[in-house]
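Working notes, beginning with the structure itself.
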Amino acid sequence: MEKMTRVSTINGRTMFCHLDAPANAISVCRDATQVVVAGRNIFKIYGLEEDGFVERLNLRVGRKPSLNFSCADVMWHQMEENLLATAATNGAVVTWNLSRPCRNKQEQLFTEHKRTVNKVCFHPTEVNMLLSGSQDGFMKCFDLRKKESVSTFSGQSESVRDVQFSMKDYFTFAASFENGNVQLWDIRRPDRYERMFTAHTGPVFCCDWHPEDRGWLATGGRDKMVKVWDMSTNRVKEIYCVQTFASVARVKWRPERRYHLATCSMMVDHNIYVWDVRRPFIPFATFEEHKDVTTGIVWRHQHDPYFLLSGSKDSTLYQHMFKDASRPVDRANPEGLCFGLFGDLAFAAKESLMSAPASAGDVGRKTYPGGDRRYPIFFFKKPDVTEQFAQVSSALSVFESEADSSAGMDWFINTAQSYLLSGKPFAELCEHNAHVAKSLNRPQESTTWTMLRIMFSEPANPSLSTNHNLNKSGNLPLVNSFSMKEMSGALNERNKENRQDNIHSLETNLNNNDENEETEGSEGQAEYLFVDDELDDDELYSMEHDNQPAEESEYLLPQEAFPLRHEIMDHPSAPEPLQEKQESPHVSGSEAESMCLTPMESFSLISVSQQLFSPHLPPKFFCPIVKEMLCYYAEQGDVQMAVSVLIVLGDRIRKEIDELMQEHWYMSYIDLLQRFELWNVSNEVIKLSTCGAIMCLNQASTTLHINCSNCKRPMSNKGWICDRCHQCASVCAVCHHVVKGLFVWCQGCSHGGHLEHVMEWLKQSKHCPAGCGHLCEYT
């Protein structure tokens, strides 16, 4: 009666409120009337009323901002309504007492962790016990009546992602780790964990004990899996596995529903899903209100399955009502379709759809529920809905692809093996990858690589870049001279190489003398002269001259033919002048009479050594469209192209794309490479990645579980002796001692030993040192 009374008092609807900043975590109080929202820049308490959320208290007080307010997690005590705990990004664990009369509600500060604290958890029945897990790999248990931790737990592993006290076992808590392991601890024994098992491939981000079933523990990881483990037996057993759409950041069991749990993702997917673990491939319900990553979920009351609270990076706080959730099952296609790794197609449907009627008379015939027409229908009991669901059978058809079919995945393998991602200049990488895509009949990808080379290649002559400014007086250069002969030759050379699409003019030198100013140019049959950028094509003049010996008379060119230009202030149609900051050349009165140019000095007139404008747009100009292109490829499922371009472009585009999105692309591509057993390519992608979570994939420790060679029992991690037969494992066949370093064995007879001992033995004899008579060979 007490439970029903508490549930009946909870009323509400689907509602939301805007927050001041993105939320990292949320927690609800015991009576489900208030919720606390914590993040890097927010720490507030909101009241839950029928009309909406009402701000009750802002816990970020003080003139100077403190990192103690920058929260990675928050927990509201379920026995003491005025007590909260937060995990700070600076490694501090802070408790808050809402009953304090002053504005600052901070009560205790624990600074024993050296890195960010990821999780804090109160004991469900012990008021003064608080547990924390940190990036430093340690878990600490605090007694709130003391100023220091009472015990420290070292998992001998990487960072701790989540810690949860068991709802049924007073002394037990579970911890999930970055390396994919889950450990069970007894708070009375801080020296060693009680049990450890590998739950996921990759980090385990979250875990949650079932509120009713004593031994059920749900875990979620980066491998997009939610797994339910049975801890009540001597050996950990996986009983359910749910395949989600993205990495699982939070998992919470649904109250009053044994097989339901809620999950949210830490990247890509913004929705909240409620799963029935008995039907793991399609969500039972979906909440689609958030526009960015959901960071925290909590059921409003421990006995109410109809209200779910959530916070997100979109700076919103939502209360979801279960009747407003969308039901994917209602819209789902009852037939299944799936492509295999090598292009094979599998199709599953009900047997009634896959098999044709036996005869024409069977069409439209209805059968009795019991299936036997010898008895009246009232003798048969209508089957339960769950039984009907369990008894449904499907037929599976597999269509194998031909070897030369376009549906095959040979193009993926050949592309992964042929692409160059590093080791050469950027232009050569793009050109090589374009040829690879073209040879594999992928014209769109080939064109993409070619366009990337054009957009992001640097000019061949760095002196003609756009990093030049106006001179001090603000004047534009008077004349820019081009040698068409040299330009044509350069273009022909570039067309042969097919490497550059830029037009570079001949760089000239400006020499200043005391008496006059002369400009040396290159020889040519024709010189095209234009002043600034204001002349049209029909205003260009061609001046021809013949190469004459140096000893002939000089050409006298009147200065008044080229009057000095006035200062140009602002001209919207003219490009930005590209002249270095220096004073404009000044022509004195005596120098204004004439200027002397010799034939050997060409017919180039007063000019500058830089172009008026660069033929290249800055690379940042193309970043938005390249970002859209990468997202397009990823949405189409071609993560190979997205990741390859991301690696080749490097810092040119990396900052434009969200790091979590990059991590999702990398993980998807690496997963595909490993499915095709392209281990070398996978390792290269990991090494070239700039995401921290990806770079550490090939640096994680590798655990090899071995069995006893005598009784075949799995070896424990307590030593090198089998617990059952008391025989040593991995004994060297030569020296008969336990091998604790490099171990080499024969694949024919399975005998082996120390690497050095086996090498020395096989130099003298070809027979196995164990005496089995096998002819062993060391290669």
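Backbone N, Cα and C define each Cβ position, glycine as well.
Per Swiss-Prot, the range carrying the annotation zinc finger out of 30-79, 230-279, 730-779 is 730-779. Computed over the repeat 'WD 2' (112-152), the whole-number mean pLDDT of the model equals 92. Following the DSSP three-state reduction, the secondary structure of HIS754 (Zn(2+) 2 binding site) is strand. Panel annotation: around the repeat 'WD 6' (289-332), residues 3, 6-7, 10, 12-28, 32, 35, 37, 39, 46, 48, 53, 78, 211, 249-250, 252, 254-257, 260, 262-267, 270-272, 274, 282-283, 660 of the same chain, lying at least six beyond its termini, place a Cβ under 8 Å from a Cβ of the stretch.
Secondary structure at CYS746 (Zn(2+) 3 binding site), taken from DSSP and collapsed to helix, strand or coil, is coil.
A distance of 12 Å separates the Cα atom of CYS768 (Zn(2+) 4 binding site) from that of CYS732 (Zn(2+) 2 binding site). When Cα-Cα distances from HIS774 (Zn(2+) 3 binding site) are compared across the binding-site residues CYS732, CYS735, HIS751, HIS754, HIS757, the shortest belongs to HIS751. The most densely surrounded of the binding-site residues CYS711, CYS725, CYS749, CYS768, judged by C-beta neighbours within 10 angstroms, is CYS768.
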